[in-house]
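If you check TrEMBL, you get these features:
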- 25-44: transmembrane segment (TRANSMEM)
- 51-75: transmembrane segment (TRANSMEM)
- 95-116: transmembrane segment (TRANSMEM)
- 123-140: transmembrane segment (TRANSMEM)
- 152-170: transmembrane segment (TRANSMEM)
- 182-202: transmembrane segment (TRANSMEM)
- 222-241: transmembrane segment (TRANSMEM)
- 262-284: transmembrane segment (TRANSMEM)
- 304-329: transmembrane segment (TRANSMEM)
- 341-360: transmembrane segment (TRANSMEM)
- 366-392: transmembrane segment (TRANSMEM)
- 419-437: transmembrane segment (TRANSMEM)
Amino acid sequence: MPVEPADIDPHLINDDLAPAKSRDWGFFSLFAMWMSDIHSIGGYTFAAGLFALGLGAAYVFTSLTIGIIVVFFLMNLVGFAGQKTGLCYPVLARITFGTVGSNLPALLRGFVAICWYGIQTWLASKAVIVLVAGIWPHILEFGQARFLGESLLGWAAFLFMWALQLLLLRNGMETIRKFQDWAGPAVWVVMFILTVYILMLADWHISLNLATEPAEWGTLHAVLAAVSLTVAYFSTLLLNFCDFSRFSPTRKAVWMANLWGLPVNFIAFSVVSVLVTAGSLQIYGEYIFDPIDLVARIDHPVAIILGAVTFTVATLGINVVANFVSPAYDLANAWPSKINFVRGGFISACIALVITPWNLFNNPVIINVFLAALGAVLGPLFGIIIADYYYLRREKVQVSELFRANGLHAFGNGWNMRAVWAFILASIPSIIVAVVPTEICRFLSPFSWFIGAALGFGLHLAISRDDPYVIRAVQQAEALDLDADRDSVAR
């Protein structure tokens, strides 16, 4: 029999952490979510920036295609788990790390997201300045006094974007779904118009040979690095895509949305990004990889305004998907009785404001070492969670046990130390490869996510294969109607 709600620990559950009862994120909502995530300044510069590896156009598009197909299959693993259990990422992590231990992977992921949330908000504020300057050019002459490393004009634009994103919180995930449903497709339409406009200015004569220098370690290494970097670009959502797929009605809807939203949509947007970047050489005599800088150079006020609005909305989209939803759930998981999704999101936004993200972005030590090291631990987390859910437990999870302080996923004291040790052992080489500036580490650094994921996967299988807690939990789950058990605690 499924555990009755009366047996649930109120300190481990709230309405946002409980399995989703409402399943209204169908194919289009998830597809639009991927459009919002990919149609961004980061997505634009990532695709065009792969030419810096020394690859020609054919190799870059081949690498992007292989990489995004790998992402598609990996994302389905996370998406299917979320759809079946109805759980967000930090609660899904309780399966592997324990009811208390789940805060380790959740808060690590959440802190990375908060840092990038602030940085992306600041980058979007640059588009706001371009937009305002396109309407009122003289504004650039004012507000140049600086406070905490940013001009007053920059502060005003940043706070505007900061407040605008908070509006998406007012009704939780439903407001976010409605925003994504129109934002993703709208950005696509405007990007297509911008592409045609840039190509017209270039007289339709462009060169796709954007390689800035020869590949340092040969073409094969550069191609494999590009594939790996494509996967790493999605490393955050490879953990918390379940935050969205938990609201999907069927596994097929997740699969179809991922198919059209990842391989098809990503490749199409990459083509557009490369065409616009190539057109910038013909028009301005140099490659411009930052779309905001490109828009600012266009000598047409309507085009400037349209482009600036587009990239402002695009950054809102990716920031919400990749950097806002996750820490909101992660903080709610840390203190469920006091923090819900909305409060978690507000706390995340306040932290992102306090850290003055422009100072983070302009400090190479923080960007290249600290955040790179934090990013390097995402691979081990993915490998461990996938190994645990699909191989050790064979998708047999009694969801109600995740909300019991002394249940089968408490592992005695709330921590599954076997998973923690697998994480530590897998993270060390992954971090070393990502941040140590030696020749061999530079050679391997593009593959740090795969190194960490493979080590986490293998170590967790080796350490936890005979874990009595896992064996007992699977045996008990096999004797239950798992859908009924999940629905007994759904809200």
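Cβ atoms are placed via backbone N, Cα and C, with glycine included.
Where the annotation comes from TrEMBL, it is an automatic prediction and has not been curated.
Across the candidate stretches 123-140, 152-170, 182-202, 262-284, the maximum count of CB pairs under 8 A to the transmembrane segment (25-44) is reached by 182-202. Spatially, the transmembrane segment (419-437) is adjacent to the transmembrane segment (95-116); three or more Cβ-Cβ distances between them are under 8 Å for residues at least 6 apart in sequence. Below 8 angstroms of C-beta separation, residues 16, 110, 113-115, 117-119, 121-122, 148-150, 154, 158, 162, 165-166, 169-170, 172-173, 324-325, 327-332, 366-367, 371 of the same chain, each at least six residues beyond the ends of the transmembrane segment (341-360), sit close to that stretch. By number of Cβ pairs under 8 Å, the transmembrane segment (182-202) is matched best by 262-284 from the list 95-116, 152-170, 262-284, 304-329. The transmembrane segment (262-284) makes no contact with the transmembrane segment (152-170): fewer than 3 of their CB pairs lie within 8 A, with pairs spaced 6 or more apart in sequence. Packing against the transmembrane segment (95-116) from elsewhere in the chain are residues 12, 89, 236, 239-240, 322-324, 326-327, 329-331, 333-334, 348, 351-352, 355, 357, 360, 371, 374-375, 377-378, 381, 384-385, 388-389, 393, 397, 402, 404-405, 407, 409-411, 413-417, 419-420, 423, 460: each is 6 or more residues past its ends and has a CB under 8 Å from a CB in it.
Residues 41, 153-154, 157-158, 160-161, 292, 295-296, 301, 304-305, 307-309, 311-312, 315-316, 319, 361 of the same chain, all 6+ positions outside the transmembrane segment (123-140), place their C-beta atoms under 8 angstroms from a C-beta of that stretch. Residues of the same chain lying 6 or more positions beyond the ends of the transmembrane segment (152-170) and with a Cβ under 8 Å from any Cβ of it are 121-122, 124-126, 128-129, 132, 139-140, 142-146, 176, 179, 312, 315-316, 319-320, 324, 328, 342, 345-346, 349, 352-353, 358.
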